[in-house]
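Undergrad: When I checked Swiss-Prot for this same protein, it listed these features:
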{"type": "BINDING", "residues": "16-21, Lys56, 72-73, Lys89, 148-151, Lys171, 176-177", "note": "ITP binding site"}
{"type": "BINDING", "residues": "Glu44", "note": "Mg(2+) binding site"}
Amino acid sequence: MSAAARVLPKAVTFVTGNAKKLEEVRAILGSSVPFQSLKLDLPELQGEPEYISKEKARIAASQVNGPVLVEDTCLCFNALKGLPGPYIKWFLEKIGHEGLNNLLKAYEDKSAFAMCIFSLALGPGEEPITFVGKTAGKIVPARGPNYFGWDPVFQPDGFEQTYAEMPKSVKNNISHRGKALALVKEHFASASYTVQSNDST
């Protein structure tokens, strides 16, 4: 529990250029976290997912000179010891849904987990706080509308539908992103951040 509410100089900037991701984040967070979105060209880093996310948050906080929220998503195949992991975006661009299935062709184990890491840096020089959400499932031949990344090939455990086949409200409830954002909401509720209003809207 925080002793006193921290005053943020401005609303949190959620760094993304992905319209579908922004739509999901808005739907899940609602008005619980005041944020604006901005596309920034952040360097593509290599390393463990949490390290990548924190580094991006540090860089973004310096660029916007204020609080930022960045997100990194991984799709980890257990048979491949966690790959493609944080590099899923490039794998998908290069080999598509069928290629992702082909990666597991030689393996009986089609299990995978989706992981989402949000990092919140309250300003330049501040140590980012991370929030991690995971959903276990398996990789299947693509089913459902091809609107959003690898949604058509990921079927969460306990469901007969892929992410792509689910109603958005169901997906947002059980997804890796939904779970991570639930922790973000919890953090904002307990930290009682307030945004400085020189110019209130």
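Each Cβ is built from the backbone N, Cα and C atoms, and glycine gets one as well.
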Undergrad: Report, in whole Å, the straight Cα-to-Cα distance of Glu44 (Mg(2+) binding site) from Ala19 (ITP binding site).
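TA: On Cα coordinates alone, these residues lie 19 Å apart.
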Undergrad: Specify the secondary structure state of Lys56 (ITP binding site) as given by DSSP, simplified to three classes.
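TA: Once the DSSP labels are grouped into three classes, Lys56 (ITP binding site) ends up as helix.
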Undergrad: Glu44 (Mg(2+) binding site): which of the binding-site residues Thr16, Lys89, Trp150, His176 is the nearest Cα neighbour?
TA: Lys89
Undergrad: Count the other Cβ atoms sitting within 10 Å of the Cβ of Thr16 (ITP binding site), across every protein chain shown.
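TA: Counting Cβ neighbours of Thr16 (ITP binding site) within 10 Å gives 17.
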Undergrad: Return the residues near Trp150 (ITP binding site) by Cβ distance under 8 Å, restricted to its own chain and a separation of at least 6 in sequence.
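TA: Spatial neighbours, sequence-distant, of Trp150 (ITP binding site): Leu75, Ile88, Leu92, His97, Leu100.
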